[in-house]
C-alpha cells in the first residue's frame, strides 16, 4: 500500500473514532464532530489520490489495470473457442474452470471505478450479462439440455468479446 | 438431492424454467412457510426467508417425485416460495401492534390487503434498476443468494461438493437441535451463546458474549472481506466508544455494571448506527447515480431493441408498479386519514420515495453482509409517517406495514436474483413470477394474525408478539417526543462522509456494525476471518470448491431446523 493511501486510511480511521465518540454523547458534541469531519475529509482526499496512483502504478507494471484485464479476457475467450463445438461433458467441465477464473477479472476490474463510473458500469454490465449466459450454459449442460447449453455458451462468448472491445476502447 | 430415476433433458426439448409444477409448488410451499412463520414469529419472535429450504424441497418434488426438473426451474420454485413467505416479517412486526392497541377495527380488512399488496409490488419494482447496479456492476456477495445457488447447482457439481454441502447441513442442524434440548424438556448440552467476558473475568460492562450459531458463522464464511469492516465497527462500538464514554463520565450515575454496555448500545451507538446507515446509503445513492443511469439506459435499450435475447423486465413495469403502488397509498391515506388531498398526496409521494431509499439500504446491507436492518428502518419509517399523518396511529402502522413488506421483499428479491445470476436464470422471468405471486403472502399473514387474535388474543403470555410490542413502545416513545433525532443526524453526517472514502458502502457497513449486537458480530466476524485466512493460504479456487459448499450447508441446516421448530410450535408440540 502506498504512503498516501496509508496516511489517508489512518486519518479516516482517527476521524471516525473521534467523530463517533463526539456524536455518542447525549447531546452530541457538535464542535468535536465538525473537527473530526475535517480530519476525515483530509483522509478521504489522500486515500482517493493514493488509490488512483496505485491503479496507475499497477497498470504500468502490468500487474493490474486495463492491460491485465485484456489478458484475462483474452485467455477466457480463447478457452471458450475451444469448447464451442466440444462434447457436452467436456464443455461443462471446462466451463466450471472458466467461470471460476472470470471471478478474477471481476475482482481486478473494481479499481477501474476511479477512472469513471459510467465506463466501469458499461464494461461490467456487458461482462455480467456474458457471465450469466455462461452460468446458464453450465446449468443446461448439467441438466442434459445440450441445445440450450450451446446457445448460451455462444451468447456468453459473444458478450465476452464485446467486453474485450469495451476494455480496449478504454485503453485507447 | 438428485434421483437415480431422474430423466435428463433431451437436446431438442425446451429448457424447463417457468412451468406449472414450479409455480404451484412455489406457491404451496411459500404459503406453508408463511403460515408457519407468522404463528411462530408471534410466539417466538423470529422469522426466516426460507429460500434454501424451498430449493431443497424443490429438488425433492421436481426430481424425487416428478422425475424431471432443472436447476433454473428450481430457481423459480424458491423465488416464488420465498416471495410468498417473506412478507411475514413486514406484517408481524407491525399489524399485531394495532390489535394490541385495540385499533384494528378502525381499518377495513380490504385496506390491510391493499396497503400490504402495494408494499409487495413496490419492493419488487424498485429492484428492477437496482439489480443491474448491485449484482452485475457492484457484484455484491449476497451470502444467502450464493448459498442457495450452491444448493441449486449441487446435482451438477459432482459428488464431492454435494458431500461437503450435506456435511455442513448435518453439523449445523445437529448443533441447533441439541441447543434446543431445554425447549424439548431435555438437559442443556450446548448453550445458545457463551459469555467469553465472564470466562475471561472481564469487567461486567464489557460485552463479550458470542452466539453459538453456525448459520451466522456460515454467513461470515461466505461474506469474507466486507464482513471484516463490520467486525472492526463492532470493536469500535463496544470496545472503544463504550469504555471511553464510561471513563468520561457521560453515563447517568445509576447505570453501572452490565447495564453500561446495554445503555450505550440502546441510547448512543444504535441510534448513531441507524443514522450512519441512512447517511451512508443516501451518499451511496448519489455516488451510484451514474451507474444507475447506465443500468436504466441498458434496460430501456433492451426493451426497445426487441431482439430474441431480451432478458430484462421492460422499464414500463417499473413505471407501472410505482404508479399503481402510489395510487394505492394515496387512496388508503385519503380514505382512512381524512387528511385532505394535498397532505394525502405528500404522504404518498414521501412514502414511495422513502420505500425506494429503504429498499436500496436493505438491498445494500444484505448484499454486502446478509444482515437486514429492518427494525431500525421501521423506527425511522414510523417516525416519518407519524409526522406526515398528523400522528394518526392506525394509519401510521398500516403504512408502516406497507414499508415493512416492501423492504423485506426488496431484500429477498435481490437475494433470489443473485441466485438466478449464479445459475443462469433469466431475471425478467424471476421478476414476473414474483410480481404475480408476492401479494399472496400478506393475505396469508394477515389472515393468520386475525385467526390468532380470535383464538388466543395478542400481546399476552400465550402470544407475546415481541416484535409488535417493540413497535408499540416505539410509537409510544415517538408520541412522547423521545426520539434521538440528534443521534440520527450526527450518524447520518458520519455515514455520508464515510461513503465518500472510495470504499464502496463503507458508511452502510460501519453503521450496520453499530446497529448489530456483538452477540452476532463475533461469530460472523470469525467466519469472515476464516474466509480470508483460507483464501490467502489455499487460494480462491479452494474457497469456491470446498469452503462455499460447507458454508452453504451450515446456513441451510440451521434454517431447516428453525422451520421445523416453527411447525412444531404451530402443531402445539412445543410452546416456549
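Glycine residues also receive a Cβ, built from the backbone N, Cα and C atoms like all the rest.
Remember, TrEMBL labels are computer predictions, not curated facts.
When TrEMBL is compared with the stretches B:21-40, B:141-160, the one noted as transmembrane segment is B:21-40. Between the listed ranges B:375-394, B:395-414, TrEMBL ties the annotation transmembrane segment to B:395-414. The stretches the transmembrane segment (B:547-574) and the transmembrane segment (B:272-296) do not meet in space: the count of Cβ pairs below 8 angstroms, excluding pairs fewer than 6 apart in sequence, stays at fewer than three. For the transmembrane segment (B:395-414), the residues of the chain that approach it from at least six positions outside its boundaries are 49, 51, 82-83, 86-87, 89-91, 93-95, 97-98, 103, 107, 111-112, 115-116, 118-120, 122-124, 126-127, 130-131, 134-135, 142, 145, 329, 332-333, 336-337, 347, 351, 354-355, 358-359, 361-363, 365-367, 372, 374, 377-378, 381-382, 385-386, 389, 431, 434, 438, 441-442, 471, 475, judged by C-beta separation under 8 angstroms. Across the candidate stretches B:78-99, B:164-185, B:205-222, B:229-252, the maximum count of CB pairs under 8 A to the transmembrane segment (B:435-456) is reached by B:78-99. Ranking B:78-99, B:111-130, B:506-526 by CB pairs under 8 A with the transmembrane segment (B:205-222) puts B:506-526 at the top. Residues 22-23, 25-27, 29-31, 33-34, 37-38, 41-42, 47, 49-52, 54-55, 57-58, 107, 112, 116, 119-120, 124, 148, 152, 374-375, 378, 394, 397-398, 400-401, 403-409, 411-413, 415-416, 419-420, 425, 430, 433-434, 437-438, 440-442, 444-446, 449, 453, 458-459, 465, 467-472, 475 of the same chain lie 6 or more positions beyond the ends of the transmembrane segment (B:78-99) yet place their CB under 8 Å from a CB of it. With a cut-off of 8 Å between Cβ atoms, the residues of this chain six or more beyond the transmembrane segment (B:506-526) that come close are 193, 207-213, 216-217, 219-220, 223, 226-234, 236-238, 265, 269-270, 272-281, 283-284, 361, 364-365, 368-369, 371, 373, 376, 491, 494-499. Long-range contacts of the transmembrane segment (B:229-252) within the same chain, counting only residues at least 6 positions beyond its ends with a Cβ under 8 Å from a Cβ of the stretch, are 205-207, 260-261, 263-265, 268-269, 273, 369, 371, 503, 506, 509-514, 516, 518, 521-522, 524-525, 528-529.
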